[in-house]
Every structure is written in C-alpha cells, then in structure tokens.
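Since the structure comes first, as structure tokens, the remarks are kept for the end.
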Amino acid sequence: MESSQAYFPPSANKKHVLLTWAQSINGRIGYVVESPSLGQLRLSSKESFVMTHLLRTKFDGIMVGSRTAENDNPSLTAKLPDPANPDCLLPLNKQPIPIIVDSNLRLDYASLKVIRLARERLGKPPLIIVAPSIWQQVQHDSKLKEAVKLIQSVGGRCIIRNEDSPDSWSDYVALDKLLQNGVNRIMVEGGAELLAKAFGSTDIDAYVVTIVPKIFSCSNTTEIKNLNNLNLTTNSHWYPCGPDVIFTNYSDEFYESYKSLLTNSDAI
C-alpha cells in the first residue's frame, strides 16, 4: 500500500477501503487466544472509541475476520454520541453492514451478536465471506447447512469468493463481489491476520491507527505482522484523541468532524 492523502468523508459512489486498529506503544493489539478470565484486551480510550463509531457511520460495511468475531463477538454497530451507552444505538438506516470473513463457516452463528441484532432489526443483516470448496459442501454437511440457514433467517447472505486460498487480499475478501452488491466503503477493523494480509494490497485507500499509552506483555498478546508493507511516512497526520494519539492519512476534515461531534451531538 502506498500512502497518499485520503479525503473524508469517503464518497458513497466509489470504492474506499479503510484499515483501522488500536495498538499499545509496544504494538500489541489483542490476546493470542480467547480468555474468559481476561476478556477483550482494552486499548482505546473513551475519546478514541467515539472516533471509531463516528467512522462507522461513514461506511457501508465493517469487516472483521473469523477469529475476531469469535474472540470479541463484536456488535459491529454505530452508537453515538456515547458508544458505551446502549441507548445511543443509531437508527438502522445509519448502521453499517457487518462483514465477516469466515472462509470455513466455522463460527457458532447462534451466539453472535450480529445475528441477534439483525433478528431484532437493531443491526443490518451480515455478509459472510466463504471459500468455494466449503460452499460446495453445504448441501451435504448438516452443520454447514444449519449455519447458512441461520444466517439467511435474519436476512444475511454468504458471499462466495472465487478461490479457496487466493494470494490477493482483495480476492480473499471478495472485494469485487462486495462492490457489486453496493458495499463501496469498507472499514476493516481486524484482526491481526486480516490486517496483515491487507498491507501489501493496492486496494487500500486509508488507515487510522490509534496508539494508546499502555504496554502489554508479549507472552499472551499478539501483534500485526508485515507492517513494513504499509508506507506510513508521507501524507500522514498525528492528532490527539484524549490520552491516545491517532495516526492517519485522512485529510484534516476527518479530525474536524470528530471535534464537532464532541461539542455538538447534532453533528452525527
């Protein structure tokens, strides 16, 4: 990915892919494996959490990998002006589409928040990216068939990519098929493997990195690999965000929108 100036908010009529993640000073982004006793690795401050939810309102879809969906069970919704308050969930027409890259359809969909929220019409139905060889097994595998049935029961769909293990990140996430379905603006929130695959792609348009003033042990946390493939040296800006700092190639309009939201909730 070559770093160039990205304009905010992104146009609704053209492809725009954002990579965004939060990391500690020593580059840790989450726990290696799910740990009920530890919970989710808490990184972002209240202020940067607001920034993330502001971003979500400007995108058609939010993409995560299957490991993030399993470990964190995110709702992938937008809540403003206070993301921590369930009553601040925005109307359905302002919600992004959850996109989960689950190549093997291995997730327990009955337990996922995105399924429950879609059923309750509080969130949009999800799109699930699936490998073609797995899709061919659906009619003969009761567990796979049940997963597809559950996804479809809430209005969700499976998007079948062209190859099982493509080299290209864009092919891996079926970017062309997402665009064909009107999902032009895509916000990729993780996890580490999905982000690492994206760093060499020419289809990435923007990045927003939240760096938090914390240090975590390397023994039970993970980092993002292949960061050297992401050119962060030009056309980038540093912005304060509470105790955190934001590193991005978005234009100043991005930070101005964020500051407006902090002082005026009507800016949503």
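Every residue gets a Cβ built from N, Cα and C, even glycine.
Per Swiss-Prot, the features are as follows:
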BINDING   T68, D72, S103, N104, L105, R106, G191, A192, E193, L194, L195  NADP(+) binding site
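The structure, with features from Swiss-Prot marked on it.
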residue : record               : contacts (Cβ under 8 Å, 6+ apart)
T68     : NADP(+) binding site : G30, P74, E189, G190, G191, L194
S103    : NADP(+) binding site : S66, I129, V130, A131, I134, D164
L105    : NADP(+) binding site : I128, V130, I134, V138, L144, A147, V148, C158
E193    : NADP(+) binding site : G65, R67
L195    : NADP(+) binding site : L19, W21, V188, I224
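The 10 Å shell around the Cβ of G191 (NADP(+) binding site) contains 22 further Cβ atoms across the protein chains shown.
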